[in-house]
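Accompanying notes for the structure given below.
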Amino acid sequence: MPKNSKAVKRELDDDVTESVKDLLSNEDACDDSFKKSSLIVNSQEGEGKECDVEEGGSDSEEEERPAWNSKLQYILAQVGFSVGLGNVWRFPYLCQKNGGGAYLVPYLILLVLIGIPLFFLELAVGQRIRRGSIGVWNYISPRLGGIGFASCIVCFFVALYYNVIISWSLFYFSQSFQQPLPWHECPLVKNKTSTYVVPECEKSSATTYYWYRDALDISDSISEGGGLNWKMTLCLLAAWSMVCLAMIKGIQSSGKVMYFSSLFPYVVLICFLARALLLKGSVDGIRHMFTPKLEIMLEAKVWREAATQVFFALGLGFGGVIAFSSYNKRDNNCHFDAVLVSFINFFTSVLATLVVFAVLGFKANIMNDKCVALNTNKIVALLGNGIEATLIPHHINLTQVSQVTADDYHQMIDIIKGVKENEFQRLGLESCSIEDELNKAVQGTGLAFIAFTEAMTHFPASPFWSVMFFLMLVNLGLGSMFGTIEGILTPLIDAFKVRKEFLTVGCCVLAFSIGLLFVQRSGNYFVTMFDDYSATLPLLIVVVLENIAIAWVYGIDKFFEDLKDMLGFAPYRFYYYMWKFITPILLLVLLCSSFIQLIMTPPSYNAWIQEEAVEKTLRFPPWGIGVCISLVVMAIMPVPVVFCLRYFNIVEEGSGGLAAVSYKKGRIIKESSRPEEDDDASLIHGKSPSEAPSPMPGNSIYRKQSGGGGTEGDTAPNGRYGIGYLMASTPDMPESDL
């Protein structure tokens with residue numbers, strides 16, 4: 001029998017049937033075999049129990065770690081996490097703002113240079129080490145363990161306000177079962193003598209008024225709290241309840257929900273696109289979107305915004321990608337997953353942009369027709385009183401204003417402007433251009449809850465389309481929330497061994513309690529604050545450190561060997577140069593430009609002024625600026641704190657990690673163990689012979705080889721193996737002899 005297949009058996013009297021020295025002598029030659037080995041625990045009845053053992057975890061934990069039911073479920077989870085609300089309302093806005101179709105060129109280039117390499121990196125480290133973000137970066141280098149804690153804090157900040165957006169969508173969804181829709185027209189106020197339109201609504205629009213006054217009941221500034229909005233409070237409670245119920249059983253429950261939450265938005269988007277293409281003016285919107293403005297591509301701002309969008313579209317740095325991939329099998333092809341999910345995300349953004357601009361094109365035509373009718377009536381009123389009847393072309397019949405087309409109106413305007421050039425402004429006539437309507441760039445909540453809702457009021461069967469649209473937003477939001485919450489729960493469960501059910505409920509209750517800040521009358525301004533300051537800069541720092549940790553601390557060559565071992569083939573050399581040089585440089589440039597922009601742009605927000613019915617940009621008060629700075633500092637603080645604690649040995653590098661017996665060059669390196677860990681069918685956790693627990697009577701533990709031998713030991717950067725090889729107590733053999 002070859003040495004590397006010898007059994008190690010431990011009886012009650014601690015006799016060792018095979019020499020431990022023989023086992024250690026084969027460490028270098030057969031390391032790969034050990035890493036792919038499994039434990040078989042034989043009970044008294046002779047029944048064998050087998051559990052896989054892989055790097056990054058103890059035997060007992062690998063036995064308990066859940067796994068995806070299928071590859072499809074896993075892909076849907078990653079797609080659901082990466083495809084979110086930003087694909088529907090931020091990407092179309094950036095496309096419109098930064099050169100239309102030309103914006104797709106820098107976006108695709110940066111997707112290849114930044115997005116896919118970093119996404120592949122996060123998938124690979126999660127799958128290899130099989131831990132959440134805290135465990136992964138502790139394993140790579142204990143001094144960089146703060147990266148995982150920083151990811152958890154950022155995830156928590158983002159979850160706080162992201163679920164508020166879901167609650168807004170739930171509110172609109174609940175209000176969509178009405179004909180006509182409640183935001184179809186401005187409300188009327190009746191008194192004893194007359195009936196009139198609410199002044200705030202008359203100055204703005206029906207959808208704008210409904211959003212700011214009926215839904216949010218917003219205050220005039222962030223300093224005016226105004227108390228809780230009870231409707232939104234109930235919606236927020238419903239949103240957190242949905243998240244809690246879906247996540248409470250881990251991926252066993254959230255994975256099943258993904259089949260609906262990830263696929264349903266595509267059904268709605270395709271239905272919306274088919275319907276919108278049949279509407280008047282939809283082609284105008286799509287043409288406007290894809291008309292490239294190539295000169296804008298030369299601006300640095302366009303590339304910076306494209307890089308930021310790539311970064312956030314894939315959910316990099318949150319820890320959700322790492323958490324989801326940690327439940328994969330070790331030989332899963334994560335490179336294929338990275339490319340597939342990245343391009344699904346890109347094509348989803350393009351599909352959503354087509355839908356948005358088709359609908360906005362339809363809306364622009366509606367608004368243009370209203371503008372033409374309004375200004376044609378003005379011309380009729382001015383005939384003989386500022387405008388001569390001879391200026392009106394003969395083929396235009398002003399007695400039937402409804403039949404005057406946009407072309408007819410523009411012809412009249414051109415003639416009147418040419419003749420009465422000096423007096424034209426005094427006449428108060430507008431140009432009424434579809435292009436002007438489409439150039440009114442809206443993003444975020446303005447696009448979803450104002451512009452899009454207004455367009456849907458003109459749809460036939462508008463309540464049906466409204467229900468579908470807001471149900472889609474709820475599903476998109478929930479898919480991203482599952483990944484965000486998983487980025488909090490998985491690392492904490494791996495690190496502190498708490499029960500998932502208790503941690504999930506506790507996290508959701510705490511988040512709902514803090515989230516009440518966002519459902520007071522000034523809550524929308526706090527959502528803006530958290531969106532601008534709690535994620536952007538901290539996440540960039542986290543991802544820069546992740547890239548440096550793998551490429552320069554762990555070692556890019558060693559990481560490539562790990563990938564070759566996992567995938568069964570060597571990744572393209574392209575990734576070697578990306579991870580080591582190109583991507584870190586691009587990330588540092590992006591980080592510096594974001595930091596400069598943050599300093600150059602004073603902290604401000606858009607406030608809705610009720611009396612004037614307009615948005616105004618206001619500066620944050622001094623305490624608000626303090627909160628903005630605190631959000632950034634709190635998010636990145638774990639990184640320097642953990643580094644200092646490890647560097648100055650205030651906390652030993654081995655403490656808090658996995659208790660294991662580690663081997664290097666034939667020596668046993670003992671580490672402290674956690675008393676609460678179960679030692680049954682696992683390692684002897686660095687205890688002295690007298691402290692080592694005895695197995696149950698009649699049990700025998702031996703290791704079965706399942707892989708080929710390797711040539712080099714695979715140690716962690718801190719000099720440890722991610723997994724200890726099974727050792728028996730050897731009271732009659734001193735450690736020096738080993």
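Please read every residue number as a count from 1 along the shown chain.
Heads up, the Cβ atoms here are built off N, Cα and C, so glycines get one too.
All TrEMBL annotations are machine predictions without curation.
Per TrEMBL, the features are:
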BINDING   Gly80, Val83, Asn87, Asn345, Leu476, Ser480  Na(+) binding site
REGION    671-738  region 'Disordered'
TRANSMEM  74-92  transmembrane segment
TRANSMEM  104-125  transmembrane segment
TRANSMEM  146-173  transmembrane segment
TRANSMEM  228-248  transmembrane segment
TRANSMEM  257-278  transmembrane segment
TRANSMEM  306-327  transmembrane segment
TRANSMEM  339-360  transmembrane segment
TRANSMEM  464-489  transmembrane segment
TRANSMEM  501-519  transmembrane segment
TRANSMEM  539-556  transmembrane segment
TRANSMEM  577-600  transmembrane segment
TRANSMEM  620-645  transmembrane segment
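Feature annotations (TrEMBL) mapped to structure.
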| residue | record | CB count, 10 Å |
| --- | --- | --- |
| Gly80 | Na(+) binding site | 27 |
| Val83 | Na(+) binding site | 26 |
| Asn87 | Na(+) binding site | 24 |
| Asn345 | Na(+) binding site | 24 |
| Leu476 | Na(+) binding site | 29 |
| Ser480 | Na(+) binding site | 28 |
Residues close to Na(+) site centre defined by Gly80, Val83, Asn87, Asn345, Leu476, Ser480, Cβ within 8 Å: Val79, Phe81, Ser82, Gly84, Leu85, Gly86, Ser262, Pro265, Thr348, Gly479
Chain residues in Cβ proximity to the transmembrane segment (257-278) (below 8 Å; excluding those fewer than six residues from its ends, i.e. six or more beyond): 73, 76-77, 79-80, 83, 246, 348, 351-352, 354-355, 358-359, 362, 459, 465, 468-469, 471-472, 475-476, 478-479, 482
Cβ pairs under 8 Å between the transmembrane segment (74-92) and the transmembrane segment (620-645), at least three: no
Chain residues in Cβ proximity to the transmembrane segment (577-600) (below 8 Å; excluding those fewer than six residues from its ends, i.e. six or more beyond): 110, 113-114, 117-118, 121, 300, 304, 307-308, 311, 536-537, 540-541, 543-544, 547-548, 550-552, 556, 559
Contact yes or no, the transmembrane segment (539-556) and the transmembrane segment (339-360), 3+ Cβ pairs under 8 Å, gap 6+: no
When counting Cβ pairs under 8 Å to the transmembrane segment (339-360), the leader among 146-173, 306-327, 620-645: 306-327
Top partner of the transmembrane segment (620-645) among 104-125, 146-173, 501-519 - counted as Cβ pairs under 8 Å: 146-173
Annotated stretches the transmembrane segment (146-173) and the transmembrane segment (104-125) touching (3 or more Cβ pairs under 8 Å): no
Sequence-remote partners of the transmembrane segment (104-125) [C-beta within less than 8 Å, at least six residues beyond its ends]: 95, 136, 140, 297, 302-303, 306-307, 309-311, 313-314, 316, 321-322, 325, 334-335, 337-339, 341-342, 346, 350, 543, 546-547, 550, 559, 562-563, 566, 571, 575, 578-579, 582-583, 586-587
